[in-house]
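Everything below concerns the one structure shown next.
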Amino acid sequence: MSPSDVPINWKRNLTVTWLGCFLTGAAFSLVMPFLPLYVEQLGVTGHSALNMWSGLVFSITFLFSAIASPFWGGLADRKGRKIMLLRSALGMAIVMLLMGMAQNIWQFLILRALLGLLGGFIPNANALIATQVPRHKSGWALGTLSTGGVSGALLGPLAGGLLADHYGLRPVFFITASVLFICFLLTFFFIRENFLPVSKKEMLHVREVVASLKNPRLVLSLFVTTLIIQVATGSIAPILTLYVRELAGDVSNIAFISGMIASVPGVAALLSAPRLGKLGDRIGPEKILIVALIISVLLLIPMSFVQTPWQLALLRFLLGAADGALLPAVQTLLVYNSTNQIAGRIFSYNQSFRDIGNVTGPLMGAAISASYGFRAVFCVTAGVVLFNAIYSWNSLRRRRLAIE
């Protein structure tokens, strides 16, 4: 029996990739709480300069990830997804190690860009599982996998803050590098993939990739949906703490309250994603997608009228439960509308749109709040999500009419 004929235990692969996504999500978010403090430690002084450099080192990772993702996706379709997981985990571990040794802000900025270039563990994990899991279980599997990165991202800031308080800023980068190296070892020893490498000549070009899609217009609308989900999430991030302070008034534990309100959507998504993914397998991911978008609009609008932090926390928890269904539903629809031959590139294109949303969302939120106040951000974000709901519904309706 040849290696390519050996049956794959996709459930074991799902467990290991979930753990890998958890460690990657935790590793990325470990350093987030003190990023501005590390920028300051590297010699940046002055309020405006500190804000500018903090914004740059945060956003440049997503920008370079958006640029690099299609290249890595193409390579994954040629060489296999496991090797891309190994490349990503080891590359990020080395870069994190070097970040802990940075001597000035320019070195740190270049390393943050390099982190974006070498990243891509989670989209490649999605592509691997999407090509191995039975189609009728795609929603549940991708929903479950999404909880790995979410739970890692939730625990990461807490662990990072505690580690930084006890050991200092630089050691946290070394700890993060160790976490990513563990991710590399888990992938190397436990993930199995039957993949026959494809020669460069046999690879489909971009036009052929588009032509091979069952519904190119629908796939493009799914990419746009991913972008808008991230824009909607990111637009609130820059103003959340300030908005909570405005609602709470003069309280001593504002950091704790803000942190809790920031984290509740992730907790809700963690609970809802596998269940709604399973429901999507039963009734169709397109229905889950449209309903979740509409619910998001209905929850965003009242956020601009809340009077207490606890009202905001409740609405954000419900929003997180709806959001937990969105990206898995998009990914499941991408699986349904593409072939295994191009899965790496399709998921990498989706990641590029996600990264662009991660860059533009905070910029949009900051600009709106500066001009019209905090409450306007929620109304504008609701409008953007409503546009996306109508656009997605129209694209899915066209697809249904074409099938009929």
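Cβ atoms are placed via backbone N, Cα and C, with glycine included.
Quick caveat, the model's predicted, so the values are computed rather than measured.
Annotation source Swiss-Prot lists transmembrane segment at 19-39, 56-76, 90-110, 113-133, 144-164, 171-191, 222-242, 254-274, 288-308, 317-337, 376-396.
Only residues 6 or more beyond the boundaries of the transmembrane segment (90-110), in the same chain, are considered here, and those with a CB under 8 A from a CB of the stretch are 24, 27, 31, 38-39, 42-44, 53, 56-57, 60, 118-119, 121, 170-174, 176-178, 180-181, 183-184. Same-chain residues lying 6 or more positions outside the transmembrane segment (376-396) and placing a CB less than 8 Å from one of its CB atoms are 217-218, 221-222, 224-225, 228-229, 231-232, 235-236, 239, 286, 289-290, 293-294, 296-297, 300-301, 303-304, 364-365, 368-369. Here the transmembrane segment (144-164) does not touch the transmembrane segment (222-242). Their Cβ atoms form fewer than 3 pairs under 8 Å, with each pair 6 or more residues apart. Most Cβ pairs under 8 A with the transmembrane segment (19-39) among the ranges 113-133, 171-191, 222-242 are made by 171-191. By the Cβ criterion (under 8 Å, sequence separation of 6 or more), the transmembrane segment (222-242) is in contact with the transmembrane segment (317-337), since 3+ such pairs are found.
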